């Protein structure tokens, strides 16, 4: 996925006399585009329209559905499930922040301090991808088990008392609590934060650090004033790549959480696959999509990195 | 305070390594527990060392079947997405045409969309069309979401390619087809390979979209999901460990080979 | 390897032009004949249309009008891979995925020649790269890559070899060396070379004939000495070396000489060396190269022979650069008159502030049409 974040290399300023002439084959681009674009239109764009239409239908499985412009479904979906929406945003934001805090040192390490270990560390960051993420998520059940060493240590350090008080954990256990879900989300999407961060850090000219040092900046100041601002493209795409999938995820909440940690993804999944209430499910999914697109657009505007794509 | 100074200078390294440990811990657990002999149906608590699961990896009903379905889907999804995606990338980089902006957003949006939204909307389409959910609906979905990633990977590579190389080929008596086969394709190959590898990994590991559109077909991730409810066989860990090792070894081997080749030539 | 003298290596461009879809005209209709076996340079600043012209000969660009002929064969509508023409590209465009041997063999193989080994090895010997055959391009130095690019083109025995800024990426010392090398190869193989460059020294050292291009047109065409000694436009005068240009008024036309008034003094200009129309009272730009001018201290003005053009001035600046000293003289006609004096016998009195007389032989003076931009070609060279 690192490729999403690799900004296209700057094109050489094209002199007018070097522009490639493409007179022959005027239709070639359209033939090249046709199959792929058709695929995306039919199986990505069209479904969005179907979903929008489903969300305003009424009826039942037995009698079939009809478009009745029943917008009350949206109202119903929002009033009924706003806690799950809020929880999704909150969990995803927490996981994104944790990913940034945890991922930045590692990306920095790979980019500037790893030396000959660089490739090995890079492999170790990517390799877990190849083990099914479900299996790895299940491993957290073992790690965070009630009578395991992690919970034991946290308990004896009275950390769990604090998190209990904050409402992140409950009753001296970590599993089936918000903390476990956020921890799982963080773990699952951490590489999506590290790779873009690394790509943008690696582009920074090492001499800039020396220049900053030369101009009387202490290491921490150098980081704040030079390194971090220059890595902003990586921070922006990393947070997006973490936040978007985290907000729609339901696997971590299902495997590591409890009924009190259900996220909006869980609701959509249940409505669609178990309760078979298609209009509500479609409305929920539509709201999620709109909310995420709105947030992403706002975020990209604010951070001034519109050339992200 | 020499120790504090030492710590200060290595703070980043230590923090980075801790994150790396956090990333790798589950893989260690998966590997260790592939040698477990659990008492109940679930493999979450350590009991005693055993190599039973490794001796009989397909000993669980339906698991290897699901693995095979996942592999088939991943291979076909990779072929389809790589082919279509490469074509789109070439069109985007090499030609000017109308609706370029629309095409770009159509490619970007699937990557900026939560999986559950794509999964749900695709299901409404299939339900409306009355399509039979199964192998082919999964394949269609996988090609759809892999496509964008292939396009970004290949596009980056083709963009960084010097257009003079193709001109040089044409200048040296290579016709359009020869130019494409002998120069363009070999140079774009690393990008195409990266896109293909990514597609394979994404497709093989996909759960959310598959879960919505699979009908009664069970892929490997779906098998794991199901077993999380019914009971997790040790064999799951065996497969997970084997995949991890295979990936690491493959990458290491390719690195050793390129290193050696470079040394020989230098 | 000498080609038979059937003129099939002539390049004949007639009425050729290029206008892009966006309306930008890179090359205005142009007639040009490059005789077989010559070393021809297209010289100009970036964006002047020289590369476009070259690419139209190569077939990489479709001309908007006109024809390209090689000898008597019209190749205007042939694709590049069917033209007996090869190109040495700017920054070489060596195939990064092929080794040196395969790069050089590429053209032969595409033409279906099976046994390429002997030819390729001979070619690599010619450019002194026999040892490097199995290396990849990125393992070679810039100069070596340049030679591979030449070998890769030459092995096909093209009728014409096109070189697009072939030395642009090399450092100065290597560039000088490669200039001589290319010249040697051209003499050896005897095929027509068309060389595009923005470096006037490079063009003058290597080429038999130079065409100076500006704004999509050929400003002047001729042998390097001819262009330098007798430029016909301010662009050529400024782009090739340095010129002092003075605006003057025609006083009288006296036989073969024109007498001009400038800044109170009189200057003589041979009519043959004036490219502008001259009528009494009309304006003319008078040009003189800095190294043609002699500098005499005002106290010795009497020693200057009769019949020389002379201008008085004050030294504003002097820089010693070894073989010569470059002076900037403040004169009534031009406040930045450049004068280069060979350091044979240095006059210790010639320091900034000294009053001097500048004088030169009228035979070195040239006259240009005054209706031109007097500074044309100065910035271009600095930018190039």
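Using N, Cα and C of the backbone, Cβ positions are placed for all residues, glycine too.
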Query = Of A:119-139, A:140-160, which range does TrEMBL call transmembrane segment?
reply = A:119-139
Task = Among A:1-20, A:21-40, indicate the range for which TrEMBL gives the feature region 'Disordered'.
result = A:1-20
Message = Quick test of your reading of TrEMBL: among A:261-280, A:281-300, where does it put transmembrane segment?
response = A:281-300
Message = Between the candidate ranges A:55-78, A:175-198, where does TrEMBL place the transmembrane segment annotation?
response = A:175-198
Ask   = List, by number or range, the same-chain residues at least 6 past the transmembrane segment (A:30-50) whose CB is under 8 A from its CB atoms?
value = 289
